[in-house]
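Enquirer: What TrEMBL lists as active site, nucleophile is 83. As annotated by TrEMBL, active site applies to 135. Annotation source TrEMBL lists active site, proton donor/acceptor at 148. What TrEMBL lists as disulfide bond is 131-138.
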């Protein structure tokens, strides 16, 4: 079960840059497995990014993860974000109970605005942050340069990492 937060200004539910390529790569990496891939319902606006990640979106993601853990006791749970969605991964993780955090099998962030910071409650071994050289967002900037728009090419790498944590 993947809970995915898209990047700033991307269309709901899972954006364009990283969400659809990751979903497709996971279907290939996990043949015969049931895959639930849900987008976080939040505005993905520029003010939310500048605020460090939309606060309500962060709470919504935490609620989505908690509901997944409580409703599906045998499901493998993965939290993923791209750009501002990465901020939501960080922010929502801080809101989870220890019991829910323990249910998260993997956390993946593409183009992480909080690069270098751990995802609270998730072990480093279960976390993968993918940042491209020249991506100002990963350098804690606010300029969207071409490297920030190419994370779809890393979907296979991310899917292999996720598959290794949920098998």
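Any Cβ shown, glycine's included, is placed from N, Cα and C.
Just so you know, TrEMBL annotations are computer predictions that nobody has curated.
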Enquirer: Counting across all protein chains present, how many other Cβ atoms fall within 10 Å of the Cβ of the residue listed as 'active site'?
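Expert: For the residue listed as 'active site', the 10 Å Cβ neighbour count is 25.
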Enquirer: Hey, does DSSP put residue 148 (active site, proton donor/acceptor) in a helix, a strand, or just coil?
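Expert: In three-state terms, residue 148 (active site, proton donor/acceptor) counts as helix.
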Enquirer: Out of 83, 131, 135, 138, the recorded positions in the record, which is closest to the residue listed as 'active site, proton donor/acceptor' when you go by Cα distance?
Expert: 135
Enquirer: Whole-number answer please: how many Å between the C-alpha atoms of residue 138 (disulfide bond) and residue 83 (active site, nucleophile)?
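Expert: The Cα atom of residue 138 (disulfide bond) is 8 Å away from the Cα atom of residue 83 (active site, nucleophile).
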Enquirer: Which residues does residue 83 (active site, nucleophile) neighbour through Cβ under 8 Å, counting only same-chain ones at least six apart?
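Expert: Expected: 6, 7, 8, 17, 49, 110, 111, 113, 137, 148.
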Enquirer: Among all the protein chains here, how many other CB atoms are within 10 A of the CB of residue 131 (disulfide bond)?
Expert: 21
Enquirer: What kind of secondary structure is residue 83 (active site, nucleophile) part of, going by DSSP in three states?
Expert: coil
